[in-house]
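Taking it in order: structure first as structure tokens, then the write-up.
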Amino acid sequence: MSADLSIGNEIKDSFKETHKWVQNNLKWLKDIEQFYRERAKLEKDYSERLSRLSAEYFNKKSSTSVPISVGDTPTTTPGSIEAAGVVAWNEILSQTDMISKDHDQLSTDFENHVANQLSGLFTKLDMTLSKINGFNNDMVNKKDNIYHELEKAKKDYDEACSTMEMARNRYTKASNDRNKKKLDEKEMEMNKCKNEYLIKINQANRTKDKYYFQDVPEVLDLLQDVNEAKTLFLNDLWLKAASVENDLGANVSKRLQAANSVVKQNKPSLNTAIFIKHNLKNWKEPQDFVYKPSPVWHDDEKFAVPSSLEVEDLRIKLAKAENDYNSLQDKTQNELSKLSTLNKIKHEMKTNEDNINATKFYDTLKEYLNVVSPFTSHETLKLQAEVQIESIQNNVPEEYDLSTDNIDLSKTKKKSGIFSKFKHNILNVDSKPSSGGSTGNGNGGPLHITSLFNTSRRTRLGSAPNNAGEDSDNNSIRTTSTNNTKKTTQNSSDDGKNKVLYAYVQKDDDEITITPGDKISLVARDTGSGWTKINNDTTGETGLVPTTYIRISSAATVKANDRGPAPEVPPPRRSTLPVRTMEAIYAYEAQGDDEISIDPGDIITVIRGDDGSGWTYGECDGLKGLFPTSYCK
């Protein structure tokens, strides 16, 4: 079957619609099961009762064709178009209506080899569907819990601000040592609450992204696999029902061969394709959470660390997060390896759709579900720890020591985390920073911090449709490798110098490759895009590099011979995403200069997807322009 088709990639945040669609298809099995049981009885009475039964199920098919094909709430009405499975079912009913008589053996065969198997198929698929639904509910509950934690942190912060304001008023009225001490204590408590609130904002945003770009698509693809497994099993049973009728004679055999030819065209991917086509919708990602100052204590989004007291609290949090992260790293890597292997097996099955084995496919689906559920939970926990580490390390001033070597976690109250890394388009680091320390980015130039409120838009790596020729072990695994989260302590001899912190390999033409040890000079500072233009004095190249991979001293200026307007900020790097293509199934002649002509069989590279207008922007034979989305698959 087609490995490129993925409901999770194409239809965002559509669990309810997809789950209902799969439920309709599983309930449909009961209709088909009942059909064969009734058919077994009617075979004894020959053609008259058999013809009546066929008519009855023609009517049932007519009423369920739309929800089975495109779901209950399609965004585009299908008209007279039916799913391949429904078309195959229609052909079977037509051929059944032409059979005028039968005998007891055929009745027995229908009862034992078809109806009972359909009943068993419904039971096991329904159990799997329930398990997937539980998996989804668990993810939703975890997301909601994290949102609730954010609300609680906000409430605690507001209360701390109010208490601080009251203490300040008392001190203003009576400026004595006792009130001064109370004021300092309340200010420290307020700062702690603020830091916790900022951490929860980070975690909520990252969890939100992970949920919509990784977790939900994973569940949708599992639902897709259940429905496709249903199609595979159903095809086998239909073919079995046809084979027992072949023994009745040449005429019956001839009619059933016609039905078989349609059933064999019922590719699981065709049923998925028509559902996707008629349920595409304009979906907008929910907005990021942002810091909201207390109404009684106006402040900004920066961490509050005016003294070592707040730092000590953050060091404890950092130690706990590092401990959690390290304990979960091996688990997630082992689970990811298993998922990659299963994904490769599933991909190979789907690329050979004509010869796929339903049992093997379903067994792979079940095994994948058993692994992905704990993997997702562990990865979410790891993300919480990772975000907490990043939030603390990137926001504490350099003069404070964040070393956690002397922190005994056994003497502190343990708190469980609920976060893991999610799928985003951060560029891979080819060489990790040294682990010589974790006190900051250096004692020299300013610490470059990626603002909590200026994060670039993330995308779910490996989830876009792949070209047919691609074969990646990690195809559709919604995760990314996590870079070492500890910052590197720089030698004091490097103070005031520009420096390469981490290695980076060029991905686009306007970028350059850098390696720790290279001498660099500033050309244009970061304008907020996360990219800085530099000159690599070692290699002589000039281009963009990630701002967080280098350190530019506060005294650095743009080279005189390179002065001029700041270069245009390049778009977010997406070079790790596979190219998406579409195949033309109908001819179209361009009607304007902004369109391109296509012929059946043309492979078109998608540059910009359909925005809901019915048109896609792509490139074919070197020409770029718009073409009708519905003319391609």
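If you go along the chain as it appears here, the first residue is 1 and each next one adds 1.
Backbone N, Cα and C define each Cβ position, glycine as well.
Scan Swiss-Prot for phosphoserine across Ser175, Ser472, Ser575, Ser597 and the hit is Ser472.
Just one residue in Ser434, Ser476, Ser481, Ser492 has phosphoserine written against it in Swiss-Prot, and it is Ser476.
Checking the candidates Ser62, Ser69, Ser403, Ser463 against Swiss-Prot, the annotation phosphoserine falls on Ser463. Per Swiss-Prot, the residue from the list Ser65, Ser327, Ser420 bearing the note phosphoserine is Ser327.
Using DSSP to sort the residues of the domain 'SH3 1' (493-555) gives these counts of helix, strand and coil: 5 helix, 24 strand, 34 coil. Per DSSP, the secondary structure of the domain 'SH3 2' (577-633) breaks down as 3 helix, 26 strand, 28 coil. Taken residue by residue with DSSP, Ser327 (phosphoserine) is part of a helix.
Within its own chain, Ser327 (phosphoserine) has no residue 6 or more apart in sequence whose C-beta sits under 8 angstroms from its own.
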